[in-house]
């Protein structure tokens, strides 16, 4: 995550975010004293999760394996991978290979484009993995897979961005792998509402600034993809709706992997979904499923509010997409340093948050 902590801009950005939150239709609209019948693009605002019981939670968490994730997915991503680098290509191929090998039958696409940077034109490639492209509505879980570009160091070290965002990438791949059976069932369902709701995983390229964070030097992948989705009819052949309107909720993971993270609420219009994360965390703790965990160091805290942070959700937020931003506050101490590496990751924390996220996704998709 490359967004600098620019306090001078925080208040102005908060006003923008607040205005957008208020503009989002959280309740059915009334005209002339009667309630208009909401179309499918409005269903996200009344969507309800299927709360998993203890038996289901135990089954879900038994399917995930942090050690396997560490070896099979995290290690291949913990390399220098700034846009256009050999490492970027290698990580992109790894992500696609892992998703294409699952039984659920993901549609895995590369969104490749060129954009001007402080170093001239560069090629970027987002990865979009869609469980059921024919579904009208999609829960989106996203992160960025690029690492920040640093000039060659005298000691030969390279920036691998372990929390930023190798770990979120690995967590998303582990989510797809461990929930493969349930997601296969969801894709095969032909009856509403399951047939109309699916999952999309997005791995953004070019989140980081090459030189200094600015509107033109940052968020290359998300800016391009949001614009593309806004101009792409959805469902296919539609005349009045597009892929942006097909996003139910945009869950963005960033800077995850350090010990004792604290996630505050950034957007009030999605606070009810943040509350589900908090409740799931408590349920897992009550069931003894969180490792090296103390309730005094709770991860998700709905009583904490923070100004929004600039990240890959911004181009989608500006187009009215509901955002759930999972980025800790404060940032990890190793942020944007060569110390953001495997040595400074905390495996129990990653395992715990991964379990919480997997339960959340199943609940949202009504796969309880």
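Glycine is treated like the rest: Cβ placed from N, Cα and C.
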Given Swiss-Prot lists 164, 208 for Zn(2+), the same-site residue among 47, 336:
336
Here are some active-site residues: 207, 254. Which one has the most Cβ atoms within 10 Å of its Cβ?
207
If you measure C-alpha to C-alpha, which of 53, 207, 292, 352 (recorded positions) come within 10 angstroms of residue 169 (disulfide bond)?
none
List the Cα distance (Å, whole number) between residue 292 (N-linked glycosylation site) and residue 352 (N-linked glycosylation site).
9
Looking at the recorded positions 143, 207, 254, 352, which has the shortest Cα distance to residue 53 (N-linked glycosylation site)?
352
Packing count at residue 53 (N-linked glycosylation site) (other Cβ atoms within 10 Å of its Cβ):
10
Most crowded position, judged by CB atoms within 10 A, among 292, 352 as glycosylation sites:
352
